[in-house]
Amino acid sequence: MVMDRLRTLGGWLARRAENVLVLMLGAMFAVFILQVVFRYMLNLPIGWTHEISVILWLWIVLFGSAFVTRESEEIRFDIIYGAVGRRARRVMAVVTAAALVVLYTISLPAMADYVSFMKVERTAYLKLPFNWVYAIYLAFAVASIARYLWLGWRAMRGNAPEAFDPTKAGSGV
Amino acid sequence: MTSPFALCILAIVTLSLLGLPIGHAMIASSILYLLLAGQDMSIAAEQLLNGMYTNYVILAVPLFILAAELMNIGSMTERLLLFCNALVGRFRGGLAHVNVVQSLIFAGMSGSAIADAAGTGRMMQAMMTKDGKYPASFAAALTAATAVVGPIIPPSIPMVLYALVSDASIGFLFLAGVVPGVLMAGVQMGIVGLTARRRDFPVEPPIPLRELPCITWRAFPALMMPVVLLGGIYGGATTPTEAAALAAAYALLISAWLYRSVSLRDAYGSLAYSARTTASIGMLIAGALVFNYVVTVENIPESIKILLSGWNLSPIGFLLLVNGILLVLGCMLEGTAILLIVVPVFIPTAKALGIDMVHFGVVVVVNIMLGLITPPYGLLLFIMNTITGVPLRDIVRDCMPFLAAMIAALALITFWPGLSLWLPRLMGYQG
Amino acid sequence: QAKPNLRFSAVFSEQDIRAEMMKRFGEAIKEDFTLQPYFGGNLFKQGTELVAMQRNNLEMGNIAPQDISNQIPEWSIVTSAYLFRDADHLKKVFASDVGSDLKKAAEDKLNIKILGPTYFGARQVGLRPKKKITTPADMAGIKLRMPGGDAWQFLGQSLGANPTPMAYAEVYTGLQSGAIDGQDNPLPNVQNMKFYEVSSQIVLTSHLVGFDLLCVTDRVWKAMSPQKQAAFQAAADAAMDWSAKQHLDKEKELVDFFKKQGLEVYTPDVAAFRDFAQKKYLASDLAKSWKPGMIEKINAL
Ligand code: NA
Ligand code: NA
């Protein structure tokens, strides 16, 4: 019962996270068009659009990787991963999850220190303190730790991770 | 090379082989390096965040992905296929030629080979294998081979990534890809022609000439995409980065307004897919930015330059070496990763040898693209295998003649810089 | 005991005069330190060196005054148009009491030691259209590419132009296609980036004396004995003076070079530009953070 409800809640949160991600990409697209229209058609160059689109790009990547991207969509090197059986894949998943969780966790205090240090600088147009803009890294790191703890735990319990799907892999080439 | 660096490389290789996404593998291993070298671990976050924040031109990547997606949701693909069929269907092996021309035109609209194969592969396969016209393995191999042209002709996501690591001008890189891209398509048509005669492929019933204007008109907005794009850049309306947004806007406009084939749900779907893809490529870029700090602080590109200068390579010798290395790596590694991790290491040497950075970019991108159809790791082969169910072995076998012919074309592109640089020079490039 | 390593990161390339300046400096301090330079923004991105130094991840840097003013607003005075007359005036001001005040304000807060200003050329306006420019009124409506950020865009407005931000790497094609009408950079940059190929004229406005500040972290500086500090400073002074002279010679050479390339190169009514710009700056919010009387003191030097 509790697990089911948690799963429903998780699915709902995942869909909302995707909504946010789509909103960010849509906003970035709109801001670009605005920038071209203002400079080329109205001869009124604006600079803050630059800043918004760069912040959005940073957030799309880190927020998206933390909360939206599925395992099957990640770019990975899968000659071995795709070829071995479920058992081997489970062992591999436990090893990589452990490495990621350990390294991301021990570096987390240093990362938090840097992000909070960045309060000394502000963005050029909107004057946003950089510690806010860069805080998304901390969300990304914490979410990655949580995600890989879960993946590792699931692999230990006996669930092999999803196989790789080339038609879904988000490669840009 | 220090021992923390050696351990960092070992960690990247091991974690990637064990299946950790490459972006995470690079970030985690770089953190390990900083820890072992006694440096501030927060440098990893610093490099990732500042690198992403200050590389404005990289924003073209998500926008080109979006443009390709918006192209795919409209009925544009069908209209294009009709147009290609009217154009080359009447020759022996007509549908095979259609496949080549379709990819060439698609290349002018999209910056990604994956988008071409994934977007049109299913439809192309159904058309070609209907009533047993073409062997399924040949059709699948052909779709994979023709998709290679996608990022050689502008727009091109790999060229944007190359511009990121080399500081070469995106505008000129785009122009430089046009002739080599057409050359590659020509070479493919040559192979199709030879095979068609040998295996006696069918001819499509010729489309009456009076229908041609109508078919062309229906495909016209799609055909205009490269004109809009390069016109935007060279007509002074947009920077190359903004041109990516213009391309997406144009795709949306013709799909939604002219072809009236886009629902809100479709539009949301393409935005969502593009955003997910952006996040996963972005992670790779982020990882490469962090790892690049490690490589730089260890002076690796400089060391390679010194090592190679000891060999007294001529520019051509160096280019051949790079071709060899990239083709071998392409058999094993993902293209974006090669571009972001391996190519930067060669750039100081290429500059020192006086190799034109735009020409070098074309050579590099063609190599990366050929890597998509070289086994064991060839993303286009995998896609066609997944879409069609044809065994990988058979696709690979039928792909080989195309691969060989395109490697010959690559040699021509390598030895003859003028082939790439003619068009940029015409538009004022001094190099 | 091994010599301490001094990592130095800069955005200029290995072929730049300033790279040679750093090699000379490294040679002069090699008894006590190993200078390890990284060029082309390869180690730390442009504008991020200051924070890297504050966090002791970088020992030396050539820091833009704009980056300092981002953290210490009163420094925006040295980023304003027509403050310094030339390289000589720049050096004099930083050697004076005013300079000491400014340096102290930065050093106390940023944990760095400022060794001095490194001149890299006066910023001039390069244009694609042939329109003759005499006064700021002639700049009206001209889309002048300026670096991103309010402070830079304001500098463009203080020239009477219509400033537009654009990535440095896109400026060449921007000029070629007419997306922008012009750019403002020191002449050596105009040559490096080949902007002259896509321009018809260079207006010698000399509106901003371009300089960075050669800095070393407090941690390194305070670990030195007073004699070592003096020797370190003397080595920096010699290298900076050499570099300034090289840049001045280069600027003279380049005026002839651009003329040979068929460009119009001429001096506008600089007094009119100065008046217009200084009025704009004094009326702006930026001037509120300036120490009273400082501008007069600088003008008097
Ligand atoms: Na095709
Ligand atoms: Na393309």
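Cβ coordinates are placed from backbone N, Cα and C, and glycine is handled just like the others.
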Of the ranges B:20-40, B:104-124, the one TrEMBL annotates as transmembrane segment is B:104-124
Check: At an 8 Å Cβ cut-off, counting only pairs 6 or more apart in sequence, do the transmembrane segment (B:271-295) and the transmembrane segment (B:315-346) clear the bar of 3 or more pairs?
Finding: yes
Taking 3+ C-beta pairs under 8 angstroms (sequence gap of 6 or more) as contact, is the transmembrane segment (B:170-194) in contact with the transmembrane segment (B:243-259)? no
Stretch-level contact, the transmembrane segment (B:104-124) and the transmembrane segment (B:358-382), CB cutoff 8 A, at least 3 pairs:
yes
Long-range Cβ contacts under 8 Å made by the transmembrane segment (B:358-382), restricted to residues 6 or more beyond its ends, are 113-114, 117, 144-145, 147-152, 156, 158-159, 162-163, 166, 168-169, 172-173, 176-177, 180, 184, 319, 322-323, 326-327, 329-335, 338-339, 343, 347, 350, 392, 395-396, 399, 402-403, 406-407, 409-410, 413-414, 417, 420-421, 424, 429, 431
The answer for the transmembrane segment (B:315-346), taking Cβ pairs under 8 Å and residues 6+ beyond its ends, is 22, 26, 158, 161-162, 164-166, 281, 284-285, 288, 291-292, 295, 300-301, 304, 308, 353-355, 360, 363-364, 367-372, 374-379, 407, 410-411, 414-415
